Structure formats: C-alpha cells, structure tokens
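Q: Below is the structure I would like to discuss, written out as structure tokens.
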Amino acid sequence: IFHTTVSDRRFVAVLLMVLQWTRLGLPSPLRPICDPRVLDRFIKEARDTEFAMVRVCSEGCSLAEPLSVPLTSVDFAIWEKGDVSEQAQEVQSGLWLLAQAISAVRVSITSTALHSLLDNSHSNIHSIGQVIRSLNFPEYTPPADGTVHEDTWRVSSTLELFRVHTNFLRGKVRLLLSHAPACRRDST
C-alpha cells in the first residue's frame with residue numbers, strides 16, 4: 001500500500017504547477033493551483049490540526065503571552081468592491097501573522113507530537129504563500145519595525161490560534177483564490 005506524506009502532496013502540487021507552465025501554448029483548464037480542491041486539502045489539514053489540539057490540550061493549552069492573529073471576519077460587500085492586490089496583501093499579512101504565532105508557540109512547547117503538528121501547519125502556511133505568489137500577486141513584505149496591522153486580534157490559547165488558522169483559510173484565503181485574475185477561465 002502506498003502512503004503519501006504531506007511533503008509528497010506538496011511536491012505533486014508544485015510539479016503540477018510546473019507542468020502547467022510548460023504548456024503555455026496549449027489551451028487548458030484552470031491552472032492546477034486554482035483548483036479549489038488544493039485549498040480544500042490545506043483546510044482539511046488545518047481542521048485536523050485544530051481537532052488534534054483539542055485532544056492534546058484538554059486545558060486549552062494557554063499561552064504565556066497573547067499572540068496577534070488576523071481577523072477572520074469578512075464584510076462581503078466591501079470585499080467584493082475591493083482591489084484584488086490589496087486583498088492579496090491582507091491575506092499575505094494574515095498568513096505572516098499566523099506563521100509568526102505558530103513559530104512562537106513552537107518555541108514555547110516541549111511535546112514532540114505538538115512540534116510535528118506545528119511544523120506541518122507552518123509549512124502549509126508557507127506553501128499557501130507560494131501559491132499566492134505563483135498567481136502573480138506582489139510579494140508581501142513584513143513590517144521592518146514589527147508593528148502589527150490594525151486588522152488583528154489576540155489569542156490566548158493554541159486552540160484559539162488553530163481555530164483562527166482554519167477560519168482564515170476557509171474565509172479570506174478562499175475568497176482571494178476564487179477571485180484571483182490568474183484563476184479565471186478566460187486568463188490562460
């Protein structure tokens with residue numbers, strides 16, 4: 001029986017992107033990275049991590065210090081009228097905040113089981129960032145002075161952190177990818 005690992009799935013996703021780019025002259029369906037099933041896979045893994053945290057953290061795994069995370073709520077009327085480049089910056093900023101928070105949690109825990117979950121989540125956030133950059137959005141540059149964007153809130157447990165992580169992927173990341181100009185059928 002063949003078992004795939006997370007790195008195997010990422011490799012296949014990147015390989016599919018490269019193969020798609022090498023066929024520039026041929027008409028084709030949506031780029032593989034635009035397939036909603038790719039993001040669904042990341043969301044499933046985030047949800048699985050969230051549920052694993054519930055099992056591991058019976059006390060909620062309180063954090064020594066609250067961590068900044070992106071807001072997950074979306075005003076659809078405003079989002080639909082917004083500039084896609086600004087939306088991409090907002091999503092990339094949120095991914096950066098999530099990566100920073102997960103890194104901070106990883107440093108503060110000793111459980112190898114939790115380290116594995118955190119490493120996988122951090123890697124997935126990095127992969128989603130690569131997906132966004134592959135769709136010709138400008139790369140996000142984190143603030144040099146460490147200031148936090150105003151559209152954030154603070155979490156005080158790992159359970160809250162991973163709930164935000166899952167909801168951010170299901171909300172703003174999905175909205176951005178589903179409306180990305182490079183993912184429209186008429187933009188090959």
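Cβ coordinates are placed from backbone N, Cα and C, and glycine is handled just like the others.
Okay, so TrEMBL annotates it like this:
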| type | residues | note |
| --- | --- | --- |
| DISULFID | Cys34-Cys183 | disulfide bond |
| DISULFID | Cys57-Cys61 | disulfide bond |
| SIGNAL | 1-27 | signal peptide |
Q: Same chain only, sequence gap of 6 or more: which residues have a CB within under 8 Å of the CB of Cys61 (disulfide bond)?
A: Met53, Ile109, Ser157, Thr158, Leu159
Q: Check the disulfide-bonded residues Cys34, Cys57, Cys183 for other C-beta atoms within 10 angstroms of each C-beta and report the one with the most.
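A: Selected residue: Cys34.
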Q: Taking the Cα atoms as reference points, how far is Cys57 (disulfide bond) from Cys34 (disulfide bond) in Å?
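A: Pair distance, Cα basis, whole Å: 35 Å.
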